[in-house]
Every structure is written in C-alpha cells, then in structure tokens.
Amino acid sequence: MQNLAPASEGQRLRRILDANLDRAREGLRVIEEWCRFGREDAALSAECKDLRQTLGRYHTEELRAARQTDQDPGTALSHPQERDRPTLNAVLTANFARVQEALRVIEEYGKLTDTELSETAKALRYRVYILEQALTLNPLQARLRQLQGAKLYLVTAPSDRLLEIVEAALKGGLPLVQYRDKTSDDHTRLTTARQLQALCQRYGALFLVNDRVDIALGANADGVHLGQMDIPMELARQILGRDRLVGRSTTNAQELERAIAEGADYVGVGPIFATPTKPGKAAVGFDYLQYARKHAPMPQFAIGGIDLSNIEEVIKAGATQVAVVRAIMAAADPEATTRELLRRLSQGEPS
C-alpha cells in the first residue's frame with residue numbers, strides 16, 4: 001500500500017459516511033429485489049425504494065470524492081459466513097443487519113458533520129426494523145413485538161393542529177398513536193384516521209383507533225382500543241381480522257381479569273391521576289398499577305393525567321409503559337416533550 005500523508009479528520013469522516021451510505025443502499029437493493037420479485041409486494045418494494053432514494057439524496061459528490069478504495073484496509077477482509085448463505089432467510093437477515101449497522105454508523109458520525117443526515121439515518125433505521133418484521137414475521141407477531149417495545153403512547157385529543165402535533169411527536173420518536181375523537185362526524189373521522197395512519201406508517205409507528213372498529217378497518221389501522229362499554233373483543237377481532245391489535249381500558253382488578261380472559265393484546269391502566277379526558281372517573285392511584293404489573297401477562301400502559309411533572313412518580317411506582325394525552329397535545333413543543341418523556345422512561349428501565 002502506498003504511503004500517503006495522513007488525511008484530515010474531515011476527510012476521514014467523509015470516507016466513513018460514503019462507505020456506509022454505499023453499504024446501506026446496496027443492502028436495501030438486495031432486500032428490494034426479493035420484495036419485488038419474490039414477494040411481489042408493491043408496498044414493501046415502494047418502501048425499499050423510498051429508503052434508498054432518501055439515502056441517495058445525502059450521498060453527495062463531496063462524500064464520493066473522499067473515497068479511496070485502493071487505500072482501504074477493510075476491502076481485503078472477509079468472513080466465512082459472508083460466503084455462506086444457505087437459505088433465503090440467511091440472505092435477508094444478513095442484508096438487514098448490513099443496512100441497520102450502516103445506518104447506525106451514519107447516525108453517530110453524522111452528528112459530527114451533518115445533524116440532518118444523522119436524524120434522517122435514525123428515522124430510517126426504525127423504518128428498516130419495521131420492514132424486517134414485515135418480511136420475517138407474520139403481521140400480528142410484528143405488531144406485538146413493536147407493541148412490547150413501545151414505551152410511550154399518545155392518545156390524541158381534538159385539535160386544529162392535530163396532524164402537525166402528531167407528526168412533531170413522531171419526529172421525537174413516538175412509537176404508538178391512538179386516534180380518539182368522540183365528536184366529529186364519521187366522514188371526518190375516517191379522513192383524519194387515514195391521514196394519521198399514513199403519518200404513522202411513514203415514521204414506523206403503530207396506529208390504533210379508539211372504539212370504532214369500522215374506522216380502524218377503513219383506515220387500515222394496526223388495531224383498535226376498546227373501552228369497558230364497547231363491543232366484545234372477539235367480535236372486534238372477527239371484524240378487523242386476527243392480525244390486528246386489540247387493547248382494553250381497565251380501572252380495577254375485575255376489569256383486568258376480563259381483559260386477560262378475552263385475550264387483550266395490551267391494557268390501559270388508570271386513570272392514575274384525575275384527568276379531564278375522563279371526567280367523573282376517580283383516580284385509581286398506584287395500588288392498581290402495581291396490581292396490574294404483577295398480574296397482567298400483556299403490556300400495560302399507565303394512563304391518566306401523566307405529564308413531565310409527575311412521570312417519575314409513575315415510573316417509581318413500577319410503570320415501564322405510559323400513555324399520555326395533554327402532555328403532548330397541549331405541549332408548546334410536542335417534539336421536545338416527546339423526546340424528554342422517552343428519555344425519562346428509558347432512564348427508568350431496570351438495568
């Protein structure tokens with residue numbers, strides 16, 4: 001290898017970004033070919049193409065000019081597993097890992113050179129996780145896995161800025177949205193639900209509809225959330241299909257036992273504090289939260305009056321997953337508030 005003068009730090013960073021943009025785009029192309037020709041799935045193919053093209057916009061001539069393939073000591077390195085791909089699943093798994101690792105590298109090194117690229121890589125990485133689940137798991141398994149990992153859950157409230165607020169929260173990392181609207185006409189609800197579903201899909205978040213199984217079906221939602229006075233869960237599954245999520249609100253041990261017997265995919269636990277979202281409902285406090293933590297086999301989302309001023313109390317009481325309404329819907333900066341709520345929930349995780 002020819003001895004060259006040491007490259008500047010900026011030059012080295014550009015080489016790292018160039019190499020990993022190449023790696024991510026190549027891996028996505030391999031995955032896209034199977035989505036297109038193997039699965040013949042137009043939606044998954046379009047998602048792969050959008051991911052590739054989004055990365056391509058950041059793969060500038062400046063980054064390409066930093067490339068020094070003949071001086072790269074890594075080009076001669078290989079591993080036996082790279083030469084052995086015995087099954088289709090092995091090919092897909094290897095290329096998903098390749099893309100995810102490359103995006104993480106871009107995210108971290110992009111913080112030093114291009115914060116927009118870094119944030120984009122982070123968002124794309126989560127979309128790739130969803131894509132992998134769609135290809136390697138059945139739809140219900142994929143949704144359940146995503147639900148299990150969702151720390152924060154936004155239940156919407158009517159607002160003239162609804163889409164703007166929800167998108168800001170999604171940019172902040174929100175993994176789960178429930179559309180709740182008790183007053184609008186059905187045409188408005190369906191139109192809004194479809195807009196929210198498209199937003200959630202773009203950011204790789206789950207989307208549920210409150211109460212209305214028909215709206216959930218019409219909007220292609222990931223599932224529905226039922227209250228105690230709504231239709232039986234089995235009927236909801238018959239209408240929606242067995243691959244969708246169904247959650248249930250609970251306020252006491254008897255309601256929790258019913259939800260467990262029905263096979264709820266998750267439960268809401270609350271209201272922890274008094275809240276105008278549920279007027280006339282007495283706060284259940286932390287005793288029921290701790291009971292649910294001990295007895296419920298499915299994810300439990302603490303809900304009711306939770307915000308930045310009291311979330312640490314809720315975490316100390318045992319909650320690991322939290323649902324909020326006003327904390328985000330009424331926030332001056334929904335994106336920053338979402339990030340802070342997620343940060344505190346992450347800090348509260350058991351080590």
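Numbers here mean position along the shown chain, with the first residue as 1.
Heads up, the Cβ atoms here are built off N, Cα and C, so glycines get one too.
4-amino-2-methyl-5-(diphosphooxymethyl)pyrimidine binds GLN178, TYR179, ARG180, ASP181, LYS182, ASN210, SER249 as Swiss-Prot records it, and from the list LYS151, LYS171, LYS278 the residue named for this site is LYS278. The Cβ neighbour count for ASP230 (Mg(2+) binding site), using a 10 Å radius and every protein chain shown, is 17. Between the alpha carbons (Cα) of LYS182 (4-amino-2-methyl-5-(diphosphooxymethyl)pyrimidine binding site) and ASP211 (Mg(2+) binding site) lies a span of roughly 9 Å. In the three-state DSSP assignment, the secondary structure recorded for TYR179 (4-amino-2-methyl-5-(diphosphooxymethyl)pyrimidine binding site) is strand. For the region 'Unknown' (1-127), the mean pLDDT of the prediction comes to 84. DSSP classifies ASN210 (4-amino-2-methyl-5-(diphosphooxymethyl)pyrimidine binding site) as strand under the three-state reduction. In the three-state DSSP scheme, ASP230 (Mg(2+) binding site) is classed as coil. Figure note: comparing Cβ neighbours within 10 Å for the binding-site residues LYS182, LYS278, the maximum is reached by LYS278.
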